[in-house]
Amino acid sequence: GEECDCGSPANPCCDAATCKLRPGAQCADGLCCDQCRFIKKGTVCRPARGDWNDDTCTGQSADCPRNGLYG
């Protein structure tokens, strides 16, 4: 299966020919991915909204999980 979106050859993290991450890359895109690496745990990826707390990166994924916590 695909590890990354190979539709854009400009993505430096993804090999457009194989749709696989390039050697050394942890991720190719996502709110918690920066320069092919997972953003460190606790970094705000989605600011608080209303009564909801900030959503933060896990350090293990490129996705920004919804923490579901009220402030």
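Every residue, even glycine, has its Cβ placed from backbone N, Cα and C.
Between C33 and the candidates C27, C36, Swiss-Prot annotates a single disulfide bond, the one to C27.
Disulfide pairing as given by Swiss-Prot: among C4, C6, C57, C32 connects to C57.
Around C57 (disulfide bond), taking its Cβ as the centre, 24 other Cβ atoms fall within 10 Å, counting all chains. Contacts of C4 (disulfide bond) defined by a Cβ separation under 8 A and a same-chain sequence distance of 6+ are given as N11, C13, C14, C19, K20, L21, C27, A28, D29, in order along the sequence. For C64 (disulfide bond), the nearest of the disulfide-bonded residues C6, C32, C36 in terms of C-alpha separation is C32.
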